[in-house]
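Going by Swiss-Prot, these are the annotated features:
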- E160: active site, proton donor (ACT_SITE)
- N249: N-linked glycosylation site (CARBOHYD)
- E261: active site, nucleophile (ACT_SITE)
- 325-340: compositional bias 'Polar residues' (COMPBIAS)
- N337: N-linked glycosylation site (CARBOHYD)
- 393-419: compositional bias 'Low complexity' (COMPBIAS)
Amino acid sequence: MKASAVTAALAVGASTVLAAPSIKARDDVTPITVKGNAFFKGAERFYIRGVDYQPGGSSDLADPIADADGCKRDIAKFKELGLNTIRVYSVDNSKNHDECMNALADAGIYLVLDVNTPKYSINRAKPKESYNDVYLQYIFATVDAFAGYKNTLAFFSGNEVINDGPSSSAAPYVKAVTRDLRQYIRSRKYREIPVGYSAADIDTNRLQMAQYMNCGSDDERSDFFAFNDYSWCDPSSFKTSGWDQKVKNFTGYGLPLFLSEYGCNTNKRQFQEVSSLYSTDMTGVYSGGLVYEYSQEASNYGLVEISGNNVKELPDFDALKTAFEKTSNPSGDGNYNKTGGANPCPAKDAPNWDVDNDALPAIPEPAKKYMTEGAGKGPGFAGPGSQDRGTQSTATAEPGSGSATGSSSSGTSTSSKGAAAGLTVPSLTMAPVVVGAVTLLSTVFGAGLVLL
């Protein structure tokens, strides 16, 4: 979604610090945790079976979790599909979300949430300017709004900010945002909610970005990594699609890995990839994925068509339902990597990977108070934005500076001698990737909402 330049300043009252909202959340929900390179629900391996959910897309931005009636309408379809997770790209952090989140919890459905909006996000063309205290106040307020729900599975710190070689120079700012979110969650004494990044469907630097998000000190590392993948276009297979090579490339990776978008629509969608994604061919490395997308929008990826209170199932709905019904999760733990662990940071390889060193920008000075005082009230969709406002970072962070009281939510070792240490960047010999329209037309803004 193309965000317009923001010219009005967002006034954040430094003297008025509001407590996190009082949330009446379900107590009988089992939170999802991280062990090694996998997600767990209690003692049981958890595989994401979900869809991307943003009715209206970028042309009619709305918060689906604040729309209780629409949420309950769609939960009936989620249950019919057998989903356990939805991803939402943008929410209004000034609104109440209790009714929908509790209804999702009652249905056994978890939320993976992008903290950004088109107006509050890292601009890949101006990452230094857009990484500022006004931006951090917004995303921290979003954490406040959702941390109390036990079915909040994870937060995305960014979506497709890096979409080619040159834009990889923004990677330190994406990683800094991830660090800041993790520190905020711990400093505010919330439960350990995983934070990670959703990468674009590009071969250029996908693996380097994954390595980068899992290198350095524990406070600098992500809790998981996800990427969008439209390379399996039916009719295809595990090998023809190149997915076998991706499994090979990511074998030994120390963080949970899943597909944040999948479902090529070049041909008729049969979702043949589902049988591979939840088989032992992949479950040692992958933890499932999210199908793009629930509602029919301009890019024609929809499973259903929504008109007011009416929901019409499209052919892809039945195809996905059938694919899920035919595919069970593997028994046991799916051969996950129990050790986990950090890997070395990738070396600069311009123009594909244009990151000079491992240093990250320090959190902007005015944003430090949020760690102890809280972020205060979120401005919501009506806020003026943060792209060109606020105080920027003026220093380089010391490793460990983003630490806070509490253990790592990744539950993995910070040593580069762990199982992930052998992860190396292969030559780009994968099968040709058919990139979805979402990636091809993504804008210069690394907004949390990139829908077409």
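Note that Cβ sites are derived from N, Cα and C of the backbone, with glycine treated the same way.
Take the CB of N337 (N-linked glycosylation site) and look out to 10 A: across all protein chains shown you find 23 other CB atoms.
N337 (N-linked glycosylation site) and N249 (N-linked glycosylation site) are 14 Å apart (CA-CA, integer value).
If you take the Cα of E261 (active site, nucleophile) and the Cα of N337 (N-linked glycosylation site), they are about 23 angstrom apart, rounded to a whole number. Under the three-state DSSP scheme, N249 (N-linked glycosylation site) falls in the helix class.
Residues of the compositional bias 'Polar residues' (325-340) grouped by DSSP class, helix first, strand second and coil last, total 2 helix, 0 strand, 14 coil.
If you take the Cα of N337 (N-linked glycosylation site) and the Cα of E160 (active site, proton donor), they are about 26 angstrom apart, rounded to a whole number. Following the DSSP three-state reduction, the secondary structure of the residue listed as 'active site, proton donor' is coil. A sphere of 10 angstroms centred on the C-beta of E160 (active site, proton donor) encloses 26 other C-beta atoms.
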